[in-house]
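A.B. asks: The domain 'tr-type G' annotation in Swiss-Prot covers 5-230. Annotation source Swiss-Prot lists region 'G1' at 14-21. Residues or ranges marked as region 'G2' by Swiss-Prot: 70-74. Marked as N6,N6,N6-trimethyllysine by Swiss-Prot: Lys79, Lys187, Lys306, Lys396. The annotation region 'G3' is assigned in Swiss-Prot to 91-94. The region 'G4' feature in Swiss-Prot is assigned to 153-156. If you look up Swiss-Prot, you'll see Lys261 marked as N6-methyllysine, on the strength of similarity to another entry. Swiss-Prot lists Glu289, Glu362 with the feature 5-glutamyl glycerylphosphorylethanolamine, giving similarity to another entry as the kind of evidence.
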Amino acid sequence: MGKEKFHINIVVIGHVDSGKSTTTGHLIYKLGGIDKRVIERFEKEAAEMNKRSFKYAWVLDKLKAERERGITIDIALWKFETTKYYCTVIDAPGHRDFIKNMITGTSQADCAVLIIDSTTGGFEAGISKDGQTREHALLAFTLGVKQMICCCNKMDATTPKYSKARYDEIVKEVSSYLKKVGYNPDKIPFVPISGFEGDNMIERSTNLDWYKGPTLLEALDQINDAKRPSDKPLRLPLQDVYKIGGIGTVPVGRVETGVLKPGMVVTFGPTGLTTEVKSVEMHHEALQEALPGDNVGFNVKNVAVKDLKRGFVASNSKDDPAKGAASFTSQVIIMNHPGQIGNGYAPVLDCHTSHIAVKFAEILTKIDRRSGKEIEKEPKFLKNGDAGMVKMIPTKPMVVETFSEYPPLGRFAVRDMRQTVAVGVIKNVDKKDPTGAKVTKAAQKKK
């Protein structure tokens with residue numbers, strides 16, 4: 001074995017009929033971890049149901065169906081390998097929880113693959129005012145997915161087939177749209193493909209010999225691997241806290257930024273409780289250091305389980321320790337709220353692992369979501385499709401950070417009526433120092 005390949009996450013976005021499932025299914029099918037026997041079973045079933053055309057999408061549909069029925073599917077099925085990377089496909093956006101997942105940081109994508117239906121009528125439907133293509137691209141950009149690959153799909157079904165004129169027209173239109181969202185289209189490869197026939201997916205297609213750019217596989221290899229934020233101060237949002245006999249209190253969570261090591265003195269925001277980390281474990285093995293992306297449990301000295309809760313954030317007490325937010329200002333995009341949102345609105349915020357009601361204390365401005373420029377000062381309300389700057393006050397102590405400093409703790413979903421009604425990124429935080437915070441003896445010795 002040479003050097004381990006880097007892992008990257010890609011999110012596949014696009015209009016509902018653009019061919020996301022077929023294209024993703026094709027990659028997983030050709031490059032991925034699906035057992036050949038499973039595929040043969042799927043193919044046989046598809047043939048029996050006269051769904052031959054649906055071969056690759058069928059693979060994905062079966063996986064989704066099995067997952068939704070609660071049959072745990074080995075997540076390797078959603079992975080495939082390129083020459084340079086192990087790629088994991090993050091939930092395709094048809095999935096209800098996609099937006100919430102994308103925001104609460106269960107999955108930060110390194111790159112978005114935008115699939116476009118190049119057929120007559122298909123493209124127009126996807127990019128129209130209410131098409132999902134726009135919303136997905138905007139969401140990806142707002143949530144910090146800075147790299148994108150565009151696939152002009154269904155090139156085998158354009159008129160005439162594999163039409164360069166159609167491709168050029170789409171590139172021009174999509175580029176101007178992506179530019180408004182905030183992407184630089186010059187940095188985005190536009191790959192003409194057929195997810196079904198396989199043109200330009202992995203091998204270069206003779207049907208598209210007018211195109212000189214990369215195939216989809218080559219474009220994936222050109223993604224810049226994410227700089228993992230291990231040089232930032234520690235932020236580890238707690239998912240759970242356990243009491244383990246003979247060991248004591250063990251908080252569990254994923255390192256988002258920084259490094260966690262045994263012997264470190266940590267401060268838990270928002271309460272300011274400070275103690276020493278005795279040991280750090282991942283998959284029942286002791287670690288000398290835990291890095292961003294690691295899901296770990298760590299043992300803390302002289303701390304009762306009741307003093308820590310899900311949503312608290314562990315940080316290094318000597319390096320910008322986490323504190324509660326008195327208030328914070330966010331840029332919010334209203335996505336599916338049936339009415340109007342005015343001052344005093346109090347929904348629930350899902351930010352990292354915390355789930356807390358906040359008050360929209362003051363809608364400061366309404367902004368143009370394309371340019372980010374202010375359109376109106378102190379508007380009375382925001383409605384569907386609007387973007388604005390809002391001052392928010394948490395109803396209980398909570399830790400949030402600015403998106404620019406700590407991205408996973410600076411983006412959130414606004415939940416109301418059992419759905420995501422808005423998404424946002426935090427621009428600044430007014431932090432408050434904890435009063436009467438407990439510092440354990442172990443931590444005092446280390447001072």
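Each Cβ is built from the backbone N, Cα and C atoms, and glycine gets one as well.
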A.B. asks: For Lys187 (N6,N6,N6-trimethyllysine), which residues of its chain lie six or more apart in sequence with Cβ-Cβ distance below 8 Å?
C.D. replies: Gln147
A.B. asks: Using a 10 Å radius around each Cβ and all protein chains in view, which of these modified residues has the most neighbours: Lys79, Lys261, Lys306, Lys396?
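C.D. replies: Per the Cβ count within 10 Å, the most buried is Lys79.
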A.B. asks: Mind looking up the mean pLDDT for the region 'G1' (14-21) in the predicted model?
C.D. replies: 74
A.B. asks: Given the modified residues Lys79, Glu289, Glu362, state which is nearest to Lys396 (N6,N6,N6-trimethyllysine) when distance is taken between Cα atoms.
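C.D. replies: Checked the modified residues Lys79, Glu289, Glu362; minimum Cα distance to Lys396 (N6,N6,N6-trimethyllysine) goes to Glu362.
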A.B. asks: Sequence order is fine: just name those modified residues in Lys79, Lys306, Glu362 with a Cα within 10 angstroms of the residue listed as 'N6-methyllysine'.
C.D. replies: none
A.B. asks: Indicate whether Glu289 (5-glutamyl glycerylphosphorylethanolamine) is helix, strand or coil by DSSP.
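C.D. replies: Once the DSSP labels are grouped into three classes, Glu289 (5-glutamyl glycerylphosphorylethanolamine) ends up as coil.
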A.B. asks: Taking only the modified residues Lys79, Glu289, Lys306, which one has a CA atom nearest to the CA atom of Glu362 (5-glutamyl glycerylphosphorylethanolamine)?
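C.D. replies: Looking at Cα distances from Glu362 (5-glutamyl glycerylphosphorylethanolamine), the smallest one goes to Lys306.
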A.B. asks: Please report the three-state DSSP label of Glu362 (5-glutamyl glycerylphosphorylethanolamine).
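C.D. replies: It is in a strand.
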A.B. asks: Three-state secondary structure of Lys306 (N6,N6,N6-trimethyllysine) from DSSP?
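C.D. replies: SS state of Lys306 (N6,N6,N6-trimethyllysine) = helix.
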A.B. asks: With DSSP helix as H/G/I and strand as E/B, how many residues of the region 'G1' (14-21) fall in helix, strand and coil?
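C.D. replies: Breakdown, helix to coil: 2 helix, 1 strand, 5 coil.
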A.B. asks: Provide, as an integer number of angstrom, the distance between the C-alpha atoms of Lys306 (N6,N6,N6-trimethyllysine) and Lys79 (N6,N6,N6-trimethyllysine).
C.D. replies: 39
A.B. asks: Which whole-number value in Å describes the distance between the Cα atoms of Lys79 (N6,N6,N6-trimethyllysine) and Glu289 (5-glutamyl glycerylphosphorylethanolamine)?
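C.D. replies: Just about 27 Å between their Cα atoms.
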A.B. asks: Relative to the Cβ position of Glu362 (5-glutamyl glycerylphosphorylethanolamine), how many further Cβ atoms are located within 10 Å?
C.D. replies: 15
A.B. asks: Tell me which residues of the chain lie with their Cβ under 8 angstroms from that of Glu289 (5-glutamyl glycerylphosphorylethanolamine), as long as they are six or more apart in sequence?
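C.D. replies: Once residues fewer than 6 apart are set aside, Glu289 (5-glutamyl glycerylphosphorylethanolamine) is near Val259, Leu260, Lys261, Val280.
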